[in-house]
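Sequence annotations record features per position, and here TrEMBL assigns domain 'Poly(A) polymerase nucleotidyltransferase' to 9-205. The feature ATP binding site is assigned by TrEMBL to 88, 89, 90, 101, 102, 103, 158, 219, 228, 237, 238. According to TrEMBL, the feature Mg(2+) 2 binding site maps to 101, 103, 158. Residues or ranges marked as domain 'Poly(A) polymerase central' by TrEMBL: 210-354. Sequence annotations record features per position, and here TrEMBL assigns domain 'Poly(A) polymerase RNA-binding' to 358-549. Annotation source TrEMBL lists compositional bias 'Basic and acidic residues' at 538-547.
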């Protein structure tokens, strides 16, 4: 059965038309633009990835054998035990680029446990690898999906583990088969889910090459427009991939440029909360929870559900809020207009990938959420912990309780800064948002790519906060403070002139400081209201026009009117409204 006659997905294709010469030409110009923007990795870098994974496979075989020997397995069982490395995410989908990590899964037979993995695999990998090949290792055995994050020869690796109820694991084991889930726990199935979902996606699209090129374009657009990232309330890479795959199913013969155009057209008008699905949801023979809004109230509350195709199916976009849904829809509509102009020859493809306007034109009002610590090690965990609560408590809290707010839009990256202060007064200035004592170049959390920060941002409580309080002075007598600031754009409802978000801000701060490992001597969090013209310089890129204060004389509303006071005379008020008061 050919791509043009097979039914892909849940519905018949919207069109089986072959691409026109113009559409083929537009795909070539799209490919050139992606290459010009550095979206593709050099062949030698890709070959390096392959060699790294080949080495991991060799270490996995040695690891499985080592554990079997320690547990007294007979030689015949050791020879047959096997073990395999699998991948998932962008690498397995074939849409990785320079700097992309490799999501990697170690699959072991039943005699190897997760405890064995964390006890033996890291040391065995180090023993069998060149000196200094492994950097920045961060094992998290107690996470929802236990993981080891590290760099290997400069490549970021996310390594997870599963032990199947099989005596032998051949290197060519098909992980899509449902029977391999037999005997697994919920955590085990989640470890397998990445590879199973990725493989299902690739089998459910008519033309893999077209899918990959279109997905590269959509991912680059989403990242440029800052609507990418599951933690803060936007779709992640897999969710965007499934949405692109659904469009490919609707236009099985289309070329990539047409898929991109149709993606924005269909997604901008998608009748949410109708889910995006690539196939019917399977009811498997095992007792795993499967997405079902008719049974589970939490599933019914998903605003833009995109459902994974592999059993047990789940929603990949459960973190989307009312505000981020609005932002996503606005960006989809904007991109739809741009792509129509591109296809009409009025604009080049680079217009689609223009940087977001979150700081330059987005909002008049912002909340600045600054997490701070007195040691670098503590800040890695604390900043991620604070970030993990922004969507769940600050954004959602404003949406629920703050009348007059149309949108609370969280930016999808934080800004890391380092400051040297001479005394405690200067420290307090930094904690309140001052950058007078900054000594480092500001980097976003994406640029820093701190493993522990990213783990904590996903809500993992398994990382242990350092106990050192950081009050020890540097050799020159200064104190170093590490901060990460997150920004939330606030848009008022039409005609609204009053604003009080004191309650959700207080609740958010309470959630942060009630964290079990919070240490008032080490950590702090401040939430401050700022206007767009007071945003710091380092959130703007060179050449961007920053907002300026209007010269028109109007009656100035005070911050007290909005419940956003941050003056020294209002300390008592601060403690009540929770906007700018310190949590530590």
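Positions of Cβ are set from backbone N, Cα and C atoms, glycine also.
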Residues sitting near the compositional bias 'Basic and acidic residues' (538-547): Cβ under 8 Å, six or more positions beyond its termini, same chain? 355, 359-361, 415, 417, 435, 442, 487, 532
What DSSP reports for the domain 'Poly(A) polymerase central' (210-354) is 73 helix, 4 strand, 68 coil
The most crowded of the binding-site residues 101, 103, 158, judged by neighbouring Cβ atoms within 10 Å of its own Cβ, is 103
Counting only residues 6+ apart in the same chain, whose Cβ is under 8 Å from the Cβ of residue 228 (ATP binding site)? 219, 222, 234, 235, 236, 237, 240, 412
Taking the Cβ of residue 90 (ATP binding site) as reference, which residues of that chain separated by at least 6 in sequence fall under 8 Å from it? 96, 97, 100, 103, 219, 237
Would you list, in sequence order, the residues of this chain other than 101, 103, 158 that have their CB within 8 A of the centroid of the site's CB atoms, where the site is the one recorded for Mg(2+) 2? 89, 91, 102, 104, 149, 156, 157, 159
Sort out the sequence-distant neighbours of residue 238 (ATP binding site) for me: same chain, 6+ apart, CB within less than 8 Å of its CB, listed by position. 89, 194, 197, 198, 308, 316
Across the compositional bias 'Basic and acidic residues' (538-547), DSSP yields 2 helix, 0 strand, 8 coil
I need the CA-to-CA distance for residue 158 (ATP binding site) versus residue 101 (Mg(2+) 2 binding site), whole Å please. 7
Report, in whole Å, the straight Cα-to-Cα distance of residue 101 (Mg(2+) 2 binding site) from residue 88 (ATP binding site). 10
Within the chain of residue 102 (ATP binding site), which residues six or more apart in sequence place their C-beta under 8 angstroms from its C-beta? 49, 52, 53, 87, 89, 91, 96, 155, 156, 157, 158
